[in-house]
């Protein structure tokens, strides 16, 4: 959410953000509704002033004038009461439009329509040079008996998965490694819920706009979040912190759920795109200072790259264009990790800086050293999302006999084992 005063004073900048982010919003309609609401509030305030002035006249009025003044007060009160529903309706309508206003991208963000217009910044790590025909993720899992996609589909339908044996241990290992890695870098580990209220998804910016991707529990006013960012973002909703309490840095672990409503037919096979997964999410609350925010952005990015380097996985860093960065973000980078069977990089991490856009929605402010109340800035980035990360892990580290080499960083979490599986080819 942007400051309404900023929108009034900078309509061209907001209109351009709406255009380059492909947001369906009529800014002229919003501004007209704002003017109408201001006029209605002024009318209400004038009537309240008149009613208060009239009330002061009643005790001093003559017996002849008093009944008329009393009646006038009643009439004004009734008129004000009649305006209350109209005032609430106009306030709610304006708020719903304000929730759709996108943030202003930082200078230098490439303008584009979708992911095809994203810009590659760099590549890291060497691509594997196999001297054998490599298997894909599903072939590795099935040959080792590490997954049962057929049976779990009877339980949960498509886009579900069941890991067994070493693959299940590998998933736990990589998640624990990510939590330890981030904890050692000063991030507080959180084990948080995926069950959230609707306003929590509004606070994070997923609503309005992403309703089709979210599971809702029938009979309850609860939904299933797709990332720990959602509940963490609302932990301090409505609170006032002091400047010395910031920054707050978290490594949030949670189950995550996504309906993948817009992904029909894409990545149905295997572990890339599933409805339920586990995720470690980096989340930062910092002061309302863009320079500080950008430093945290680089740190979150460095953490994600450090995790992938420790896992010995080749990857590339992408700068997202305006049309592929989401409404609330001023800057966004994706990290894509190499998947040998597809001969391409696949997204595994998204690093985002949102300025005060989320904090305005949650009402989270802090008092600076001068006593001024400011909205905090928020950032987030994936730590590890599983089982997706298992795809490049299994494929890049497979060996000629069908076993999988364990990266050194994960061996302490797997009893010191250097290889998973049995020779199957």
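Glycine is no exception: its Cβ is also placed from the backbone N, Cα and C atoms.
Record check, Swiss-Prot: L-serine site residues include 227, 228, 229, 382, and the candidate from 171, 276, 281, 291 also listed there is 281. A C-beta separation below 8 Å, combined with a sequence spacing of at least six in one chain, links residue 259 (ATP binding site) to 212, 213, 214, 215, 275.
Comparing the Cα of residue 274 (ATP binding site) with the Cα of every entry in 227, 229, 382, these being the binding-site residues, the smallest distance points to 227. Take the CB of residue 260 (ATP binding site) and look out to 10 A: across all protein chains shown you find 18 other CB atoms. Of the recorded residues, residue 382 (L-serine binding site) and residue 349 (ATP binding site) place their C-alpha atoms 5 Å from one another. Look at the Cβ of each of the binding-site residues 258, 349 and count the other Cβ atoms within 10 Å; the largest number goes with 349. Other Cβ atoms within 10 Å of the Cβ of residue 348 (ATP binding site), summed over all protein chains shown, number 24. The two recorded residues, residue 229 (L-serine binding site) and residue 349 (ATP binding site), have Cα atoms 13 Å apart.
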